[in-house]
Amino acid sequence: RSKNGKILEGHIALFEEAPSNPGILGGSSSDFSKWKRKSIVTLALTFLTSSQAILIVWSKRAGKYEYSVTTANFLVETLKCALSVAALIRIWGNEGVTEDNRLSTTLDEVSVYPIPAALYLIKNLLQYYIFAYVDAPGYQILKNLNIISTGVLYRIILKKKLSEIQWAAFVLLCAGCTTAQLNPSSDHVLQTPFQGWVMAVVMALLSGFAGVYTEVAIIKKRPSRNINVQNFWLYVFGMVFNAIAILVQDFDAVVNKGFFHGYSFITTLMILNHALSGIAVSMVMKYADNIVKVYATSVAMLLTAVVSVFLFGFHLSLAFFLGSIVVSVSVYLHSIGKLQRDIEKEVIVR
């Protein structure tokens, strides 16, 4: 990442791009290498994104989680923290220890991390409970609402201008989410009940607030700080808050039944998926472009729906298919609008 790269929840800059040597590699070989790397990153992100909701639903037994979701979330944060340390060890070996990549910090710098860590704790726990009201394909659709919440909050709090294309994308996104949830075979207009919509909106707002706060309090405060150091401290506080959640919510169950009670192979895969998704996104940020994220999001929605047909008996309706297309188009338009805004800003600066 560049020194001014953004810290994002779950993103770990584990891979450093090797410098190219035109004297050794020909142009065609270099282009093929980039294409191959981009293809691998795209496939990895698509697979991890599409399997995330499926693994959460699949980890249930008789409609309930036999394991403690707080312990699972704690392990996700622990694994992310370990991956951040592994990335730093690699950086220290290549670049040495510098002021920007050392783990030592000050109380003033580290004091800003508890707020986003707490917000992500609530959002990540809601991620398990929302499946009482939505299915895996519906979740994949509704979680795109965080695009709207993040954009609007950036506009209100950071005064960042949104392009007309982005505003149009928000309207399309709302229409797409609603269309995908239409239920013509029932008295209820929408498949997802009111509680599910409320939880989806709350999750989107939590994600948006955490992103805005992170940019204001962490990135702008010290933009040259290595992203792995920032992630490390974010995950450390995430582990602390998840430990508190275990004590408050599942203390008796953990003491009487054990920390790993109810865990299965699917549960383990789910935890690995949540942690590795951060690596995949960071690789997209470094080796590919934002269009890859759009592609992965779009394909993941359809893949989740198709797999859910065979695993959970999901009914793939025309409304869901059309809604998914509208959501995909809106995500693409938002990406294009953001690029257009950045270009206009660059022209103005020049």
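Heads up, the Cβ atoms here are built off N, Cα and C, so glycines get one too.
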Per TrEMBL, the transmembrane segment among 40-58, 116-134 spans residues 40-58
Listed stretches 40-58, 165-182, 194-219, 294-312 vs the transmembrane segment (260-282), most Cβ pairs under 8 Å: range 40-58
Most Cβ pairs under 8 Å to the transmembrane segment (294-312), of 40-58, 165-182, 318-336, goes to 40-58
Contact set of the transmembrane segment (318-336) with the rest of its chain, CB cutoff 8 A exclusive, min separation 6+ beyond the ends, reads 137, 141, 144, 147, 151, 165-166, 168-170, 172-173, 175-184, 290-291, 293-294, 297-298, 301-302, 305
Long-range Cβ contacts under 8 Å made by the transmembrane segment (165-182), restricted to residues 6 or more beyond its ends, are 138, 141-142, 144-145, 147-148, 151-152, 189-192, 317, 319-320, 322-331, 333-334, 336-338, 340-341
The answer for the transmembrane segment (40-58), taking Cβ pairs under 8 Å and residues 6+ beyond its ends, is 127-128, 131, 135-137, 139-140, 266, 269-270, 273-274, 276-277, 280-281, 283-284, 287-288, 292-293, 295-297, 299-301, 303-304, 307-308, 311-312
